[in-house]
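A.B. asks: Residues or ranges marked as compositional bias 'Low complexity' in Swiss-Prot: 27-44, 561-572. Feature annotation from Swiss-Prot assigns compositional bias 'Polar residues' to 537-560, 582-593, 709-732, 796-806. Marked as compositional bias 'Basic and acidic residues' by Swiss-Prot: 769-794. The region 'Disordered' annotation in Swiss-Prot covers 26-56, 537-597, 709-751, 764-829, 844-871. Taken from Swiss-Prot, the feature repeat 'WD 1' covers 131-170. Per Swiss-Prot, repeat 'WD 2' is recorded for 176-215. According to Swiss-Prot, the feature repeat 'WD 3' maps to 222-266. According to Swiss-Prot, the feature repeat 'WD 4' maps to 275-314. Under the heading repeat 'WD 5', Swiss-Prot lists 367-417. Feature annotation from Swiss-Prot assigns repeat 'WD 6' to 432-473. Feature annotation from Swiss-Prot assigns repeat 'WD 7' to 502-546. Marked as repeat 'WD 8' by Swiss-Prot: 631-671. Taken from Swiss-Prot, the feature zinc finger applies to 1040-1083.
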Amino acid sequence: MSQSNSHGQSNLAKFAFNIYGTLSTNSSTPQSHEISPSSSLSSSRSKKQTSQYNTQDTNNNRLSYYCDKEIISLSQLNCSLSIGGYSGDLQHHVVIGGKNYLRLLCVSESQQRIISGINLLESKSIYNSRAPNKLINVNTIKTFADTIATGLSNGVVSIYKISPNGQSKVTGKYSDHNRTINSLDFIESENQLLSGSQDGTIKLWDLRSSSTKPVMTVQANLHSDPIRACQYSPHSAVRNKICVLSVHDSGALCKFDLRTKSGGKVYSPEKKWNLHTGPALSLHIHPEKELVVTGGRDKRISIFNYGERQSRNTPQNLINTYGPVVKVRWSTYTNTEETAEEFEENKQAKPNTLYNYDIACSYLNDDPTITIYNLGRKFIPKQIIHSKKPIQNFIWARNETRSRKIWTISKSSTFSSYNLDRLEDSDVSRPIEDLNNIAMTWDNNNDFCAVSQARYDYDLETYENGINETTEENFDAERNYSLGNEELIHSQANSLTASPVDKPQLTRSLTFNPASSFSTFSPVLVARAATGFLQNDSATSSSSIPNMQVSSSRPKLTRNTSQTTQDSSSSQFASVLPPPSASQTYSSPQYKKNNPPRFMNNPAYVIPVSIPIPANDEYVFRKLSSESLVSTPDGFTLVDVCLLNASVAASVGNNRTSQIWRLLAVSIQEEFESGIEPRRIYAFQPEAINKLPQDVQETSTNANDTLHAETTNSNFVESFKSTSTSGSQFGKQSDKDERKLQSKNSSGNLMDMINKANRTNSFSATSFKFKEQERKEDESQKAQSIKDENERASIHSKSAPISISSHPEDLDDENMGSNNSAALKFSPPSVGVSIPSTRIISSSLASSPKSVRGPSGVKSHISRSRPSPPVQTWLKQKNLEVSNGSAMASTSGLSLTLKRNKTNEEGDQLTKAWKFKSLLRKSLDYATLQGDIIFCSTAALLFYDIVPEIISQFECLEWLGIYIEVLQRKRLFVNAINVIKCATADIQEKLQKLYCQDLSLRFYCSNCQALLVNEKSKFSGKGEFGYWYCDECSKLQSQCVYCNEPCKGLAVTVGLKCGHHGHFGCLKEWFIEDQNTECPGGCGYQII
């Protein structure tokens, strides 16, 4: 029965391979000529193997494999295997482990497809297990030749042997650890194995022995300090010394010597260094030197020299990352195979081994990236791998082409391969390619520094081969490359009179002062090439400037605005530099003869600039950030908050900002608090004039036959209004109603101010038609029809339309057009303007100014003009609306004229330019251009939840993020926290993730600069434990400036400038009781 089952499985596998070979052209699946139909699978291979081949993804020639269970660990097996049916010799394979999962994937020579998969959990074993289906968790994997060692979560170490035909066998199981095994490593051969566990011990196993007990147990302390990683060092300078390094949860790096005589147990390391303030999670030893790289939860990567002759206790290099580092690894191969275009080198390895190898690291907290650094430029990642899912583990992969490949496994149970040498891979970014050569930043004192650095100016040390000579032909070629058609530059550079003035080299101890520079010729921008071509030797040129280094590997920095640099040492030799290179330095034979090879350090040009900008006043910024309201207190409205912010801005002299806040307050009151719907203005339709009723036109014409036709027809409403306001009780009552309406609603004041400012330009012959939408929709149908009929009756086809206002005072003011027309008799028809009745109008054509309420021409004009009954009915209706408080504010003819061109032919609705949303958007745009971060942030905090369509979430986060950074830089931490507290819920959640994280405080000794951990006295029980002393140098850290006693716990600092501090009680006695104003340390610092 078993034979028939195995025969059926074999036939199924043959059939599946035939399908994949004939139906698929994908390079990741086996082809028909690679696996024959008669190929067979081992019985240890999974029954689900054939179904998993379909999940292989080879987009962009990337190897990908999906696992059906959760995977945690990853390693590479480098041994020769012969898979049945495949003619090639497979050398590099993938080993993946996880929860009840352990599989060996055989990869092709090109590492672009998976040939076969072997389930190692079904391997033959010499150990008889009563629970074959027991759940295991493979936490770590280590390989050596044909041996695979796995560390399980239950503290068991399992050893697998792989035969050349792909068969696997369990050869050993060792269980002496009490907790999870975190790290494994072989010692020079497959017979000795190291295991580091969470129980704080490192055990050495002899795999040739039949005993299941460890040969040696190593422990860092008497108490258990969990071991995160351990590794054997093959670079020991002492013969036969077995050196092992380990990192612990305490952040310590320990060095052990396994040549012990203490009976196989070591309880203290040979050396110990505290490199991290939190748990150290990973380590990896350099492939060539006694250097180790460690990564920890403190977001730091430390490169430390653990050699015998070194005595320093601090890392040799530090890399600050953007997340907690869970794994860090040196690259397998050097960078000698990289292209010359990327590093501006001719495939020559750097002599410093630190720069030959890259460093890759992955992060905690579900970060989907892997960052690659190089110590040649450690502050900027060299490459970043972006994955769709969080990265679980990774390794540098060995391959036949010695290319830089990284294998990864993600939390989505997917194995992927990334080739860092392929430029077309979209998931691998190169941040250095996107950086600008010039950058600028501000400091705490409102000064800024500009940095100018070429892209490939690595911070490299000297080359061992010295400085190479350059022939005359190379100089000619370089001149042609850098100059091209610049004959003007070439001609001026070859004359002594036009040579540039020598400038001293920029150093970090001096401040660059552009005002003291000489006027020099600024050539056209070329690729940072020197322009000196003087071939004459001049002793005064180089000797006049002290400390001049003529052989700088980078051209001197000029003091003009051009980025082209000029070499001031042209009297010694002539050179033109191509784009800056880290591997070549051009010099003359004379210079090489007189100067030996020296260090080639290419620092960036840092230019500190101090400009007294009035807007950067410290007092103004502090007052505005502290007193401006960013939220609405209880009992206040938005209008009150805007007015208070306006007063704060006015108190520091920011008058424009103050006026903007007041304008926003008026617009808020008009739109949100007045309760009046906004007026809607529609474009005038000329054909509506021809459709007016004939009886309305005849009535209006007969009522005004005693005056000139044009004057009377255009101003008969104003004449009637003047009669009513001068002699009737109705006019007096309308004045009272108008004043009540104006006191109730302030929105009309804004319109009147606009009309007053533009009254002299409000006369126009353009026709307009008004359609007013009333606020109350429950009016009777009869009143509505009467109003519409009277509106149409007020328009004449042969004259300009009449601007009818709901304010009696405005109608009285518009009579000014009638007076002028009656006096001049030939003036053109006009449109009424809202002008206060107490004003005196002066016309440029009249002989003297005339009062609007003057009795002389007004009464005679009114006595000859009476409005028609339809007009009286319309006016009564409008005055009734005024008394009820439901009238609309009038709109001047100037506003309509300005908006006339903004309407389309369909008559779309227009929006007021002084609306709140429009004013807010314009104010924010202007403040953004001016760099007013306080106004932008304050407005975003106040109005983001009110008008989210005006202030986007991206803008709000950007403004508030910059504002918080500036506040923290200026040490205004209370204001920064207040900004976060006043933000809306969605914004506050994102800001807290960025700016409210836990602080990591590191204390260093002020004498020996060692990290204060004081582990020697921590468990001794002698005295009070703390960080006010140092175990390394046995010196006190801080003493009270008043009583000269140690400051244990809380200490008060006198001032940030002097730095003296002391006990709270001592300083209270000195300053408050004794009423002293100077620092008790004698530095002369005044606190008041």
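Keep in mind that glycine also has a Cβ here, set from the backbone N, Cα and C atoms.
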A.B. asks: If you count every Cβ pair below 8 Å, which range out of 131-170, 176-215, 222-266, 631-671 shares the most with the repeat 'WD 4' (275-314)?
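C.D. replies: Ranking 131-170, 176-215, 222-266, 631-671 by Cβ pairs under 8 Å to the repeat 'WD 4' (275-314) puts 222-266 first.
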A.B. asks: Restricting to the same chain and to residues at least six past its boundaries, which positions have a Cβ under 8 Å from a Cβ of the repeat 'WD 1' (131-170)?
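C.D. replies: Hits for the repeat 'WD 1' (131-170): 42, 44, 72-84, 95, 97-102, 104, 106, 116, 118, 120-121, 123-125, 176-186, 189-190, 193, 195, 197, 199, 205, 207.
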A.B. asks: Apart from its near flanks, which chain residues at least 6 from the ends of the repeat 'WD 3' (222-266) lie with a Cβ under 8 angstroms of it?
C.D. replies: 179, 182-183, 185-188, 194-202, 204, 215-216, 272-286, 288-290, 292, 294, 296, 298, 304, 306-309
A.B. asks: What residues in the same chain, six or more past the boundaries of the repeat 'WD 2' (176-215), come closer than 8 Å to it by Cβ-Cβ distance?
C.D. replies: 139-142, 144-147, 149-157, 159, 221, 223-232, 234, 242, 244, 246, 248, 256, 258, 264
A.B. asks: In the repeat 'WD 5' (367-417), how many residues does DSSP assign to helix, to strand and to coil?
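C.D. replies: Split into helix, strand and coil, the repeat 'WD 5' (367-417) gives 3 helix, 26 strand, 22 coil.
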A.B. asks: When DSSP states are grouped into helix, strand and coil, how many residues of the repeat 'WD 3' (222-266) land in each?
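C.D. replies: Residue counts for the repeat 'WD 3' (222-266) by secondary structure: 0 helix, 21 strand, 24 coil.
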